[in-house]
Each structure stands twice: as C-alpha cells, then as structure tokens.
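Under the heading heme b b562 binding site, Swiss-Prot lists H83, H182. The heme b b566 binding site annotation in Swiss-Prot covers H97, H196. Per Swiss-Prot, ubiquinone binding site is recorded for H201, and the stated evidence type is similarity to another entry. Per Swiss-Prot, the feature transmembrane segment maps to 33-53, 77-98, 113-133, 178-198, 226-246, 288-308, 320-340, 347-367.
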Amino acid sequence: MTNIRKTHPLMKIVNNAFIDLPTPSNISSWWNFGSLLGICLILQILTGLFLAMHYTSDTMTAFSSVTHICRDVNYGWIIRYMHANGASMFFICLFMHVGRGLYYGSYTFLETWNIGVILLLATMATAFMGYVLPWGQMSFWGATVITNLLSAIPYIGTNLVEWVWGGFSVDKATLTRFFAFHFILPFIIAALAMVHLLFLHETGSNNPTGIPSDTDKIPFHPYYTIKDILGVMLLILVLMLLVLFTPDLLGDPDNYIPANPLNTPPHIKPEWYFLFAYAILRSIPNKLGGVLALVLSILILVLVPFLHTSKQRSMMFRPISQCMFWILVADLLTLTWIGGQPVEHPYIIIGQLASIMYFLIILVMMPVASTIENNLLKW
C-alpha cells in the first residue's frame, strides 16, 4: 500500500515541499535563512495576534494600552518584547538571505527573486506601520516624516499625503488604518512566501558552487530538517537573550514618551534595519531626488539579474567579485551607522560618499569585476 503522505491531496503538497524534496547535498548554513524567515513570520503573527487582543488603535489610548499590556496582562511584557525584537531577528534573517542570494547567484531564478523583492518591500511596509502603533514620540514623528515623503511626487503629492493620513496631519484616522494594514499584511506576506516556494520548487535549490546539482540530490528529510531545527534553536536562543536581558537595546528611548505633535524629538530616526535606506534618503539635498534614491536602493535588486556578466553563477570561484561583495557589505554597514547620526559634518559627506559607492558597486563595479574575471579565465 502506498504511503498516505504521498497520496493524500494535502499531505502530498507538504511531502513534496518538506519531506521528499530533492535537495542539493552541499548547501551550507547560508541556506538556513529561508526556513528561519518562515519561523520568524509565524512567531510575529502569533505574538501580534495576542497583542492585538489588548491593543486599542485610538490616539487617546494606544500608548496606555501598550503600557497596560506590559504591566497588567499575563506575560504581556514577554509577548510585546518578543514581537518587537522578533522584527529585528526577521530583518537580520532577511538581510542574510538576500546577501546569500547575491553571493551565490540565486537571483538567476527570476520569478523566485522578484517575488523575494516584493516580500522584502511588504515586510518593510509592515515593520514601518507596526512601529507607529505604540504611539510614542518616535512613532508619531517617524510616521510624519516618512508619509510626508509622498509630497515630493509632483502635482499629486500633497493630495496623496492627505489621502494617506485621512486628514490634515498624522492623527486618529492614520493610526487606525495603519493598525488595519499592519494586521492584514503579514497574511499577504505568508501567501507570497508560498508562491516564492512554489517558484523555487519549479527549479530546485541553487548550491554554493552554482553548478547544476541534478546528479547529486538527497531528500530534504531528515538531513535538512535536522539542520533547520538547529538553526531555529539558535534563532530562538538569540531572540530570547535579547528579550530577557536587553529588550530595549535595539529600540529608541524616545518611544517611551507619549506622542506629542507640539514637540519634535532632536533626532528623528527609524529602527536600525531602515537606517541604511534613511542614510541614502538624507544624503541627497533635493526632496524628490532623496525619495527616488530611497526607492531605488531597494528596487535595484530587481536589476541585479540583468547586470550578471560572469560566465559563472556563484562567486565561490571569483575572488575579485568576492572583494566587491564584501566592500558592498562594509558600505551598507557604514550607511547603517550614518543613518543613526545627526546631520552634521563629517557625517553628511561620509553618508554621501557611502550612498554613491552603494549604487556604483552594484551598477558598475560588480559587472566590471565579472568581465575582468571572464577575461582572466580566457572565457
């Protein structure tokens, strides 16, 4: 008799995705981040659901409802901090996952890659709106600054901003709609993640060498299930270390001050995972130019497959491209640091140079490095 997991309509899908899936035998720990992102998403949806049971999306009570969760709800504090720090873990995994894709040439799976970029944008939108919900000073002013960027769009900008706000400033209507969007988007992300997997399983996984591995596949279970479980345990360990020892390490102290439209904080800055994009935004003196650079800093990922000039897929055997990649990583770390600094000398010029370098590395230096390597290999 055939096994039920291979015949049952639902279990067959699970079986083909997580059990009998033919997987390259040599994928490294860099391939763990996909499953970790799935775990992060589930964790965020669950903790978010329990927070939503006690949260009120009204300007008068939002801040105190979060305080109430932390003080009066059973284990509310741990749920709240798991949700806040879970977002940070989510973005760490996201950046690692995208970096892995760039390094090993996984972007040649076009559909998978493009849905991944959409997933990244959707996650960034969700995180931004979630940051507004506690209605602290940084929540309010972050929302004001970022939504105001829409006013840079010619002709329709001002109307668009007021339409997003639901009034003439960030107020009750804005908070309510942000809560609604923040609640619905993770489910859209979950659906998109399934499509992401669907397209990936059409081609099969890439591997560190970038060479087709059809001749050398092993079943996903038990080999990679056990490997993923190790990754999940490490993820939860790091998350719980953050939550239980330094829950506010990655947050902003200003967000413990209730939102006050009459008092602007000295330094408005987003959460750490947006600082690189914020630095690019600030480094251009023109408003529309800054907004375009901000959008392009993420959308440039869509162009990466078309800028691939190498005859090899992975960077494993391409030392010049490896150098470029790690310079890009250093550049992004520099941008992240600059995004958290005040707008004054020398930070302004460092930010501008780092922003120029970011686009230059991806658009010019990496394709040129690949071409040089091709010539060195007499290809």
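Using the three backbone atoms N, Cα and C, a Cβ is placed for every residue, glycine included.
These numbers come from a predicted model, not from an experiment.
Across 33-53, 113-133, 320-340, the stretch most heavily in contact with the transmembrane segment (288-308), judged by Cβ pairs under 8 Å, is 113-133. Closest in space to H97 (heme b b566 binding site), of the binding-site residues given as H83, H182, H201, is H201, taking the CA atom of each residue. With pairs at least 6 apart in sequence, the transmembrane segment (226-246) and the transmembrane segment (178-198) have fewer than 3 Cβ pairs within the 8 Å limit; the two do not touch.
Within the same chain, the transmembrane segment (33-53) packs against the transmembrane segment (226-246): three or more Cβ pairs sit under 8 Å, each pair at least 6 residues apart. Counted over residue pairs separated by six or more positions, the transmembrane segment (226-246) shares fewer than 3 Cβ pairs under 8 angstroms with the transmembrane segment (347-367), which leaves the two as not touching. Simply put, out of 113-133, 320-340, 347-367, 113-133 has the most Cβ pairs sitting under 8 Å from the transmembrane segment (77-98). Recorded residues H83 (heme b b562 binding site) and H196 (heme b b566 binding site) have their alpha carbons 24 Å apart, per Cα-Cα distance. Below 8 angstroms of C-beta separation, residues 55, 57, 62, 66, 87, 90-91, 94, 97-98, 101, 106-107, 139-140, 142-143, 146, 174-175, 178-179, 181-182, 185-186, 188-189, 192-193, 195-196, 199, 270-271, 273-274, 298-299, 301-302, 304-305 of the same chain, each at least six residues beyond the ends of the transmembrane segment (113-133), sit close to that stretch. Around the Cβ of H196 (heme b b566 binding site), the number of neighbouring Cβ atoms within 10 Å comes to 21.
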